[in-house]
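Pulled from TrEMBL, these are the features on record:
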type	residues	note
DOMAIN	547-597	domain 'Cationic amino acid transporter C-terminal'
TRANSMEM	35-53	transmembrane segment
TRANSMEM	65-85	transmembrane segment
TRANSMEM	97-123	transmembrane segment
TRANSMEM	166-183	transmembrane segment
TRANSMEM	192-210	transmembrane segment
TRANSMEM	245-265	transmembrane segment
TRANSMEM	335-361	transmembrane segment
TRANSMEM	382-401	transmembrane segment
TRANSMEM	407-428	transmembrane segment
TRANSMEM	484-505	transmembrane segment
TRANSMEM	517-537	transmembrane segment
TRANSMEM	574-592	transmembrane segment
């Protein structure tokens with residue numbers, strides 16, 4: 001009795017979303033062009049960090065080789081971007097990584113992903129709103145902060161902000177109204193601000209190359225003595241390194257690349273527009289790849305211009321570009337930089353706020369969050385309730401909280417989403433049938449019968465098993481090969497997590513050539529390699545898509561490794577806040593979502609219905625299907 005209940009409970013956690021792609025009907029307005037998606041991706045990714053981050057990384061981590069940091073970071077981000085692009089072509093529906101997880105690895109993982117995406121977007125929106133408020137206040141002479149400093153105060157250090165930010169609340173309120181008014185109007189405003197930002201960055205890059213000096217990429221110790229402070233040798237190792245183009249070595253490039261990786265976060269908001277793009281299966285892949293390319297060129301150009309204008313050890317971390325222009329005699333250029341940074345903050349704010357109501361809507365529509373959040377306004381065709389709820393939550397966060405300690409929580413949500421999308425691409429590419437294929441059911445029935453014959457065949461020996469793993473008899477995926485993929489991907493994800501923990505916590509022991517840790521690492525890598533080869537040998541689906549990730553299975557696995565490695569680097573306090581957020585989420589899921597899940601209700605109804613043409617017991621490719 002107890003075992004049966006546990007099995008039933010487990011099935012609920014891994015039930016998958018059935019997506020009918022035979023119809024393009026949607027409750028949203030299909031009005032976004034490819035250009036709109038590119039502008040949305042560029043605007044949300046190319047935030048104010050481009051005006052500050054380059055100075056910080058160049059001064060403290062990489063020097064002129066910051067251009068290589070952005071190259072490595074862009075490559076790492078493109079890996080995740082390619083995975084999103086394939087899913088955008090495969091499942092052009094609202095929900096982004098939440099939906100992709102739901103159709104592939106099951107409900108509990110989907111809820112975890114969606115819940116953390118909401119957290120990322122809330123903290124992102126609130127923190128950018130506070131940054132916009134601070135930047136504007138700085139431009140007008142700090143009159144706003146001075147006024148509220150004398151009138152209001154919040155006395156709870158480490159949790160609440162020193163002073164409430166009324167301007168940030170007003171800003172989020174205006175943005176909420178804009179998003180509720182209509183997606184086409186929001187897209188137009190975003191395009192205008194993004195265009196201004198790109199023009200300013202173009203000016204910065206050109207001016208930097210005109211006023212720059214290539215000698216600043218070839219600095220010697222003598223230059224450091226002549227240009228630095230009165231006691232130049234005291235902090236030589238810290239400030240100067242070894243000079244030249246790569247003053248802090250390969251370690252500096254990799255450390256800088258890890259920081260620069262977060263500069264490319266934001267393109268995933270394009271994936272939430274699946275039901276608002278005119279041609280999502282084409283526009284979403286193009287939008288993601290082109291926006292990442294534009295952002296890389298901008299980051300690369302600004303960092304090159306900055307380090308050409310000023311020696312890297314003299315850069316100002318707080319305001320690198322205005323000080324750099326001052327150093328070369330172009331001080332009025334600081335006004336152009338101020339305008340560009342405000343536009344960048346505006347588009348970044350819109351990019352954080354835009355996807356949040358769409359993820360909330362998708363989760364509410366599936367029954368995992370409260371149903372009233374899934375309402376769509378008939379006139380504006382926007383998720384009105386979810387937009388208002390998103391705006392209210394972000395406004396409260398911006399008004400009351402000191403977000404500096406919570407910003408790393410954004411990274412967990414984003415990196416978890418990247419990891420699951422990579423896993424989902426890896427799994428779905430090797431599964432029989434296509435989500436919207438009318439022949440999927442018949443094909444799976446045949447494969448299921450074939451699998452039964454193989455398993456009950458008395459001549460099925462260890463040699464036959466090895467042949468199934470390393471030399472499958474067919475060129476098309478079967479139910480058995482699909483389940484092999486599920487098992488191997490689970491093993492790979494576990495191994496990569498253990499490897500990343502070892503590399504992070506025992507790096508000193510590995511550098512000291514500790515035999516035990518080196519042997520353990522080698523064994524883990526060998527098992528990882530064998531699992532990867534097994535996946536590589538399995539037949540792939542030949543389903544036609546507008547875009548497919550190249551170099552499977554290696555590219556998604558490498559993307560998964562980078563994402564998990566970055567997650568492991570986060571502090572214990574960040575993981576503590578993450579645990580608290582997940583406890584709140586699971587209370588909602590197990591108290592409401594698991595009982596009201598639309599997929600759960602559909603599973604209880606007869607399968608043969610016109611409305612659910614893909615509902616079929618044989619179409620269960622979840623990892624639990626092999627175990628149950």
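Here the Cβ of each residue, glycine as well, is placed from N, Cα and C on the backbone.
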### Query
Restricting to the same chain and to residues at least six past its boundaries, which positions have a Cβ under 8 Å from a Cβ of the transmembrane segment (335-361)?
40-48, 50-51, 94-96, 98, 114, 117-118, 121-122, 124-125, 128-129, 131-132, 135-136, 139, 171-172, 175-176, 178-179, 186, 189-190, 193-194, 196-197, 199-201, 203-204, 266, 268-269, 272-273, 321-322, 325, 369, 373-374, 376, 382-383, 386-387, 389-391, 394
### Query
Thinking of Cβ pairs under 8 Å, which stretch from 35-53, 192-210, 245-265, 407-428, 484-505 has the most of them with the transmembrane segment (65-85)?
245-265
### Task
With the transmembrane segment (245-265) as the reference, find which of 35-53, 192-210, 407-428, 484-505 contributes the most Cβ pairs under 8 Å.
35-53
### Query
Are the transmembrane segment (382-401) and the transmembrane segment (166-183) close enough that 3 or more Cβ pairs fall under 8 Å, when only pairs 6 or more apart in sequence count?
yes
### Summary
Ranked by Cβ pairs within a distance under 8 Å of the transmembrane segment (407-428), the first of 97-123, 192-210, 382-401 is 97-123
### Task
Could you tell me whether the transmembrane segment (484-505) and the transmembrane segment (382-401) have 3+ CB pairs under 8 A, leaving out pairs under 6 positions apart?
no
### Long-range environment of the transmembrane segment (35-53) - Cβ separation under 8 angstroms, sequence gap at least 6
128, 131, 135, 187, 190-191, 193-195, 197-198, 201, 259-260, 262-267, 269-270, 273, 277, 283-284, 286-288, 290-292, 294-295, 298-299, 302, 317-321, 337, 340-341, 344-345, 347-348, 350-352, 354
### Task
Check the domain 'Cationic amino acid transporter C-terminal' (547-597) for me and report the mean pLDDT.
91
### Message
Can you work out which residues elsewhere in the same chain, 6+ from the ends of the transmembrane segment (97-123), have a Cβ less than 8 Å from its Cβ atoms?
### Response
12-19, 84, 87, 91, 268, 271, 274, 352-353, 355-356, 359-360, 362-363, 366, 368, 390, 393-394, 397, 403, 406-407, 409-410, 412-414, 416-418, 420-421, 423-424, 427-428, 435, 578, 581-582, 585, 589, 593-594, 597, 599, 622-624
